[in-house]
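J.: I'd like to ask you about the structure that follows.
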């Protein structure tokens, strides 16, 4: 037994994460290339109008990131994170093959009807079926893969805590470098060769990444799924409501908590906090009960788990708007670029490749951040990540507001040049300003959120909580679709022309700049709310007392339970 445990302890680490990085890179390479190009595919091949193509893409992204919760829930409750990644990765490859077939077959393309959407019947069913199967596969992977990689480190060990902070930076670096390849190589295939060939390249890359992930099985620390996190949350809420008329004891130590013997089989013990005292009523032992039952009384630790999730919600809510801004860079900014001069000297640059500028910038900044800024800041603050996760998120929110302001200014310059006589096209590289600023913002916010939700989450909810990062993205994309429809409807009534800011297919007749500035103003207001939420948030204690790590599975002996205390 001792040899088996020692074998488990030798697993994991950055050696195992290499396979995770390879899969995440190859998968993200196709996902990013598809994401920034599909608005043109929807508009030119599927014959959506400008608003319809934009909303179809943002709804796709919104659904993808919402479905991250499904992957997180499944891997925390039913399957290991490794098995969940393999299943959703297979669905993703299948969906890409279906998209390739539709792009190749002209019989699966709708005729141009001049309406907002020309999809009907079997063509529409095939289109939405393949698109949302792709969304399901991508979402499940994104909800599970970051936590699977993070699970290769012991965050309760000081060295493991530092390695964990570095892991998230390297995870973003791997996906960023792959995205550079995607927005140059695959986007070139999309725009200069054919759409079906671009989808085929994405399919092959995904398949190779999936094989690489499976190949690292013998090196992984694979965690067993446990009790459903949703059930644990529901138990606290139900019991707290049942006990709402009971009085809380003056001493929190009188609340129910499992004893030392029972605690030996649990993951961790979270000390009592004074926030949300109404939930503490779930930990009041009924006077008529001699034995604790799950739906009659909850432990203090279980109550604190729900408190942690509740404290996370304002942070989650205040980052949604930044992802609404991100949606504009993948929709209207791409349409802007299509009306600009794409030449860099004698080289014609595809419009969809312009995000390569901030991606290259991030590829340089991330190693500098990891190897220079973090060690320097760590000496000053003593924090394993250099600065706290919420400080990192706050920097990103400031920059996202700046990015939308710059985007509006660039659109004014572009449209004024077009309205000259004769019309002029400014360089496509004017868009690099808004992309670079937002790229830096994303570097701070995305990984800050991912690390924040993973480290702050209770032990049995880490995968589900990690997917909250993508839940913020999901709501941001859905909010973008809602804003487009609402702004169009309102401005159609109040403008002298009786046309919305974002009407029709011709961006030169629209007021996209006003939409950008609207988002910038709302972003500033949102930043104020975030600062209040971040100041109010109470971090989980770094070292919860009496921590017992969740049992790990040796892939070569799945069925054998390993007692790590031996």
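Using N, Cα and C of the backbone, Cβ positions are placed for all residues, glycine too.
Remember, TrEMBL labels are computer predictions, not curated facts.
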J.: State the residue range annotated as transmembrane segment by TrEMBL; the candidates are 314-335, 512-533.
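T.: Within the set 314-335, 512-533, TrEMBL attaches transmembrane segment to 512-533.
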J.: Among the residue ranges 54-74, 117-137, I'd like the one that TrEMBL describes as transmembrane segment.
T.: 54-74
J.: TrEMBL lists transmembrane segment for one of the ranges 470-491, 536-557; which is that range?
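T.: That would be 470-491, per the transmembrane segment entry in TrEMBL.
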J.: Kindly say whether the transmembrane segment (168-190) and the transmembrane segment (394-414) touch, using the definition of 3 or more Cβ pairs under 8 Å where each pair is 6 or more positions apart.
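T.: Contact criterion not met.
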J.: Please report, as numbers and ranges, the same-chain residues at least 6 past the borders of the transmembrane segment (356-374) whose CB is under 8 Å from any CB of it.
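T.: Long-range Cβ neighbours of the transmembrane segment (356-374): 165-166, 169-170, 172-173, 176-177, 179-180, 183-184, 385-386, 429, 432, 435-440, 442-443.
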J.: Short question: which residues 6 or more past the ends of the transmembrane segment (426-450) have a Cβ under 8 Å from it?
T.: 146, 168-169, 171-172, 315, 319, 322, 325-326, 329, 333, 336-337, 340-344, 349, 351, 354-355, 357-359, 361-362, 365-366, 369, 389-393, 395-400, 402-404, 406-407, 410, 413-414, 417, 466, 468-469, 472
J.: Quick one: find which recorded stretch in 20-42, 54-74, 196-215, 470-491 has the most Cβ pairs under 8 Å with the transmembrane segment (80-101).
T.: 196-215
J.: What residues in the same chain, six or more past the boundaries of the transmembrane segment (54-74), come closer than 8 Å to it by Cβ-Cβ distance?
T.: 35, 38-39, 42, 48, 84, 88, 117, 131-132, 134-136, 138-144, 147, 228-230, 327, 330-332, 335, 463-467, 469-478, 480-481, 484-485, 502
